[in-house]
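Just below is one structure, and these are the notes that go with it.
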Amino acid sequence: MESTDSSPPLSMTDTEKKGDAVTTVTDESSVSEYERFLHLENVFSGASRKKLLRKLDLRLLPTLSFLYLMCSLDKSNAGNAKLFGLLEDLGMSGTQYNLALMYFFFTYGLSEPVSNIMLRRVGPKIWFPFIVCAWGLITTLTSQASSYAGFVVIRLMLGITEAGLYPGAYFILSMWYTPKEIGTRMAIFYGANTTAGAFGGVIAYGVGSLDGNLGWRAWRWLFLIEGCITIFAGLACLFCLPAFPHQYQAGKGTKWLTDEELEYASLRVKYANGPVSSTYTFRWSDVVAAAKDRKTYFMMMLFWWGGSVPTYSLSYTLPTMVANLGYTAVKAQVMTTPPYIFATCVCVAVGYISDQTQRRYLCIMGAYTLGLIGIIILWITVHHPSIPGVSYFAIFLAAAGYSAQAPIVGAWTASNITNPSKRAAAIGLLMLLGSVGGGSIGSNIYISSEAPTYPLGFGFSVGATVLGAMIPATIHWFLMRKENKRRGGLDVAEIERKYTTEELGEMGEDSPLFRFVL
């Protein structure tokens, strides 16, 4: 199989050693910065590099993961609220409930690329506290809903404000971590989503005891408590969340990194693919380039059909599915916790393996296969109420498989788009379709009238995974592998004579020296 190292073959003239490779840079300013990077590579070797990574991990991962935990709770707590009488109190039918969930994804998906562009322009220290506090406030207002129309309006507003967290966090991680490190970090971050599934059940179980307090139903308490926690988290972002590394001025860095650590943190990502780097200046042309790139649409297919459709449908329907196995509404909330804990562990493990092997495609296909096996077993066993244990086991597999694919799809995208502005736009665009298409479909395919067998829901999930995700993933992998082979046969010296360093940098991943991560 082809090597998936994304570092390009380096030049063979005006040389400077970097390990076993020989490098060339022709522009004087580039030489200075790249030589500085090579020097820092030697300074930050072994224990000092691990120390830097620990600092980055401790600053970024807990903060972003907790924000995503709250985002996932505030987005999916409607499934828990349903069991606490939300539909009856607001006079909603099951169909209206599904439609309200679907409407959320329209504003959510349409706002994702816009939010990521804003993040790229103003930075995370300003943008993230704003959007987190905004959706926390809207979540608390959900506790005051008194009609179906009011609930729909609130869900539309929630979609606008929550949209920036998921794609934004992926982009932030891609600005601090190299392609060989990012899969594990995205998996840890995404694990907060599955952890939310676990905590959501526990929190809902605890909030259930508040039913009737101060004349409020339990579902109102659920939205109020989770919304207040989110507002607090948004305010904490002002102090905990760092800016992008290139936004810090020389000599005016940050207290948690030394000036040298901050400089290396920025340069090691900038030159992760060799001496030719993309521009860090925001340009609208890079956004347009992302919209025209074939890679963006292949990753959209994966995120839409293999990720969002089965994941969202499982998230909103799991409490009801577990209740259909014979558990009470309150007990069903708790029983949703173990599958999500298992899914979190599998998610992080797959992310780590994908980083160590740099085989993103194989890890994605493995995750799809695991989720597919779980859905098929569950589809079969729901027809046999006498074996609820097998159905419950299948939920473990489905939750783990469909959760594990998401961060690897994000890492695969980030690793193969070098320009930061184009990468931000591409991540936002692929999540737009994933959220609008996947969320709107996923929230409507498990129809209450078809419970507990859900023939449409299970059948659609299986078909979406195979036809919409596994086949496009294979085509995408094949095309990139073919291009890597073609570029491997080119004459490096001829490329250097034909193009300047600046021209190669402008090409980004289209440069003949770039190799795609497979």
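The backbone N, Cα and C atoms fix where each Cβ goes, and this holds for glycine too.
It should be emphasised that the depicted structure is a prediction, and the values quoted were computed from it without experimental measurement.
Under the heading compositional bias 'Polar residues', Swiss-Prot lists 1-13.
Per Swiss-Prot, region 'Disordered' is recorded for 1-24.
Packing against the transmembrane segment (99-119) from elsewhere in the chain are residues 75, 78, 92, 127-128, 131, 148, 151-152, 155-160, 162-164, 166-168, 171-172, 287, 312, 316, 424-425, 427-429, 431-440, 443-444: each is 6 or more residues past its ends and has a CB under 8 Å from a CB in it. The transmembrane segment annotation in Swiss-Prot covers 99-119 (among others), and the record cites sequence analysis as its basis.
What Swiss-Prot records for 122-142 (among others) is transmembrane segment.
When Cβ-Cβ distances below 8 Å are used as the criterion, the transmembrane segment (156-176) is approached by residues 56, 60, 64, 67-68, 71, 74-75, 103-116, 118-120, 124, 127-128, 131-132, 134-135, 138-139, 142, 182, 185-186, 189, 244-246, 265, 269, 410, 414, 420, 423-424, 427-428, 431, 435 of the same chain, each at least six residues removed from its ends. Taken from Swiss-Prot, the feature transmembrane segment covers 156-176 (among others), and the record attributes it to sequence analysis.
According to Swiss-Prot, the transmembrane segment annotation covers 187-207 (among others), on the basis of sequence analysis.
Counting only same-chain residues 6+ beyond the ends of the transmembrane segment (221-241), those with a CB under 8 A from a CB of the stretch are 59, 63-64, 66-67, 70-71, 73-74, 77, 80-81, 84, 124-125, 128-143, 203-204, 207, 210-211, 213. The annotation transmembrane segment is assigned in Swiss-Prot to 221-241 (among others).
Swiss-Prot lists 298-318 (among others) with the feature transmembrane segment.
The transmembrane segment annotation in Swiss-Prot covers 334-354 (among others).
Annotation source Swiss-Prot lists transmembrane segment at 362-382 (among others), citing sequence analysis. Through the fold, the transmembrane segment (362-382) approaches residues 183, 302, 306, 310, 321, 324, 346, 350, 353-354, 390-391, 393-402, 404-405, 408-409, 412, 452-454, 458-459, 461-462, 465-466, 469-470, 473-474 of its own chain, all at least 6 residues removed from its boundaries and within a Cβ separation under 8 Å.
Long-range contacts of the transmembrane segment (392-412) within the same chain: residues 170, 179, 182-183, 186-187, 189-191, 193-194, 197, 299, 302-303, 306-307, 310-311, 314, 318, 321-322, 325, 335, 338-340, 342-347, 349-351, 354-355, 360-361, 363-364, 366-375, 377-378, 381, 427, 430, 469, 517, each at least 6 residues beyond the stretch ends and with a Cβ under 8 Å from a Cβ of the stretch. If you look up Swiss-Prot, you'll see 392-412 (among others) marked as transmembrane segment.
Annotated N-linked glycosylation site per Swiss-Prot: ASN416, in sequence order. In the three-state DSSP classification, ASN416 (N-linked glycosylation site) falls within coil.
Among the features that Swiss-Prot reports, transmembrane segment is placed at 427-447 (among others). Packing against the transmembrane segment (427-447) from elsewhere in the chain are residues 94, 98-99, 101-102, 104-106, 108-110, 112-117, 163, 166-167, 170-171, 174, 290-291, 296, 299-300, 303-305, 307-314, 316-317, 320, 409-410, 413-414, 454, 456-457, 460-461: each is 6 or more residues past its ends and has a CB under 8 Å from a CB in it.
Counting same-chain residues at least six beyond the ends of the transmembrane segment (455-475), those with a Cβ under 8 angstroms from any Cβ of the stretch are 298, 301-302, 304-307, 309-310, 313, 317, 361, 364-365, 368, 371-372, 375-376, 378-379, 382, 405, 441, 445-447. Residues or ranges marked as transmembrane segment in Swiss-Prot (evidence: sequence analysis): 455-475 (among others).
Tertiary proximity for the transmembrane segment (122-142) is limited to same-chain residues at least six positions away from its ends with a CB under 8 Å from its CB atoms, namely 67, 70-71, 74, 115, 151, 154, 157-158, 161-165, 168, 172, 223-224, 226-235, 237-238, 241-244, 247.
All protein chains considered, the CB of ASN416 (N-linked glycosylation site) has 24 other CB atoms within 10 Å.
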